[in-house]
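Asks: Once you've had a glance at the structure underneath, I'll fire off some questions.
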């Protein structure tokens, strides 16, 4: 190459036999995708109705709150962990008396 710019005459291509281990992969192989009907349908997750009884979250309130939920086994366990952890439910009377940031 002479000069700062490359010209077509300066490019020399050497074509040699390609080694078998570096052959390109044929992306259009004989593989076929299954039809939607052939794919397995996900089984319906079993949901069970639960009645949850939890105390009001205010310190001086004796009210027991009843909540009815329809949940999976995993969902009801997660809800149980929330209720025994950081989440506290309030009764309607205590909701008006407690200070809260939400509406």
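In case you wondered, yes, glycine gets a Cβ from its N, Cα and C as well.
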Asks: Pick from 17-21, 22-26, 27-31, 32-36: which range has motif 'LXCXE motif' per Swiss-Prot?
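Replies: Range annotated as motif 'LXCXE motif' by Swiss-Prot: 27-31.
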Asks: Which range is it, out of 76-84, 85-93, 94-102, that shows up in Swiss-Prot as motif 'Nuclear export signal'?
Replies: 76-84
